[in-house]
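First up is the structure itself, then whatever we jot down about it.
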Ligand code: NBP
């Protein structure tokens, strides 16, 4: 048998796998590749991989035999049962100390399960988020690895070489934490991406529906916003989308696209996880539900002819001021979204006993990924100032930014409400901000209601925390209280 020559193997030559292989090869690594439909291997070798240090394999056995020890194999197949199928094929062929890496969009509990199961067999498993789409995979993605920490030193040189770089040469890749921590962080990244996209869509809706801005004017606005605090990949591509015209009709392409959104599940998982952990993640939840509402296209079209709103009036205020206000509303809401997302990661780390460094996550997201932005540099600075920060809003910089943008944000919310334009993400962000800064909420009444109908008990303002009381509100009930617990 020939001496193994490959530094790493990769299974799954679809869009992500192929580009990651080329990126690795470009950084001096020899990569062995395999794909279930083996004709893909041949096409790849004859095409983009031609003349490169890429070893094509037609079976997993051949792939395993071509790898230097400890063997490192990256799996880039469809998330779910396909990953288990590939692991089941590989595991019997590997030796203790060999490393398997799942780079797909896997749900983090699956990664935790696989890390534990493979550890029993002496195999080291990594579940890593890879963000940045096709171009990121080729030119430098953000990589968020977690799993068995013993695997990290072996994989680190490859991952940090191929990752995006910021501030000169700092890689957007570092060890996130044990078990499913890497995929959890990637999931939250995707949730935040949902939130950022929804906020941008709400800003577009306001400027388009209320001010009558067409694609050219919107292109100009987003170009300007991209040079301010909103400077980010998503604002940049939005600007470019407004600048793109359908080659056939010459109309702005965006105007020709049907208003129903798809989703693959990572936003939903983020929201479910927030509900399980009891962390308010209102903005991302609204972003997920906004996609669901958009998908009810036929129902919405019928309802639009039945349900009445405010009479559509043209905007009578100062247009330039309103555009600036929308920028502030978008910016402030974005701060809230990230504050909620980072609070979720903190809660998950506490719950699972993982250590997730929020500052390091902010750094990994600064480049390479879909939510990359200048703003993440400020978040990194906030967590450097105080790694134990409870909520990003409490950092002095972000506190100041929220104060600065608040009046514009509130004006936008009231104009949207009075004109009947839905801004679920911007308005729920404002409600969260006002709720979080309230030392007293109306929940005293809620506790009274719970105690009234279910004897669920309440704590009193004039007694120490932890003492629970029940009132016989009607005189008809008994004195027995329900068990106190938090669901
Ligand atoms: P896809 O998610 O479209 O998966 C296609 C690949 O999975 C093909 O190589 C296919 O082999 C392989 N595959 C399937 Br499907 N079932 C298999 C099985 N039972 N055994 C072995 N191989 C199987 O590819 P992708 O878009 O490159 O994404 C790969 C992963 O990266 C996914 O988890 C995705 O969510 C994630 N991701 C994608 C992006 C993106 O922008 N596309 C970004 C970030 C992360 P075949 O050729 O034989 O059918």
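Every residue gets a Cβ built from N, Cα and C, even glycine.
Note that TrEMBL annotation is computational and uncurated.
What TrEMBL says about this protein:
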type	residues	note
BINDING	12, 13, 14, 15, 16, 17, 35, 36, 37, 77, 78, 79, 105	NADP(+) binding site
BINDING	105, 131, 132, 133, 189, 190, 194, 264, 291, 450, 456	substrate binding site
DOMAIN	182-474	domain '6-phosphogluconate dehydrogenase C-terminal'
ACT_SITE	186	active site, proton acceptor
ACT_SITE	193	active site, proton donor
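Shown on the structure are the features that TrEMBL records.
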{"residue": "12", "record": "NADP(+) binding site", "CB count, 10 Å": "26"}
{"residue": "14", "record": "NADP(+) binding site", "CB count, 10 Å": "14"}
{"residue": "16", "record": "NADP(+) binding site", "CB count, 10 Å": "23"}
{"residue": "37", "record": "NADP(+) binding site", "CB count, 10 Å": "8"}
{"residue": "105", "record": "NADP(+) binding site", "CB count, 10 Å": "20"}
{"residue": "132", "record": "substrate binding site", "CB count, 10 Å": "24"}
{"residue": "186", "record": "active site, proton acceptor", "CB count, 10 Å": "31"}
{"residue": "189", "record": "substrate binding site", "CB count, 10 Å": "23"}
{"residue": "193", "record": "active site, proton donor", "CB count, 10 Å": "21"}
{"residue": "194", "record": "substrate binding site", "CB count, 10 Å": "27"}
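Listed in sequence order, the binding-site residues among 16, 35, 78, 291 whose CB lies under 6 angstroms from an atom of ligand 1 come out as 16, 35, 78. Cβ neighbour count for residue 35 (NADP(+) binding site) (all protein chains, 10 Å cutoff from its Cβ): 23. In this structure the C-alpha atoms belonging to residue 16 (NADP(+) binding site) and the residue listed as 'active site, proton donor' are separated by 19 Å.
Considering only the binding-site residues 12, 14, 35, 105, 132, residue 193 (active site, proton donor) has 132 as its nearest partner by CA-CA distance. In this structure, residue 14 (NADP(+) binding site) belongs to neither helix nor strand by DSSP; it is coil. For residue 78 (NADP(+) binding site), other Cβ atoms within 10 Å of its Cβ number 11. Among the record's substrate binders, 105, 131, 132, 133, 189, 190, 194, 264, 291, 450, 456, no two C-alpha atoms are more than 49 Å apart, and one pair sits at exactly that spread. In the shown protein chains, 19 other C-beta atoms lie within 10 A of the C-beta of residue 291 (substrate binding site).
Taking the Cα atom of each, residue 12 (NADP(+) binding site) and residue 132 (substrate binding site) are about 17 angstrom apart. Residue 189 (substrate binding site) sits 31 Å from residue 37 (NADP(+) binding site), taking the C-alpha atoms as the reference points. Nearest by CA distance to residue 456 (substrate binding site), out of the recorded positions 35, 37, 105, 186, is 186. Site extent for NADP(+): the farthest pair of Cα atoms among 12, 13, 14, 15, 16, 17, 35, 36, 37, 77, 78, 79, 105 sits 21 Å apart.
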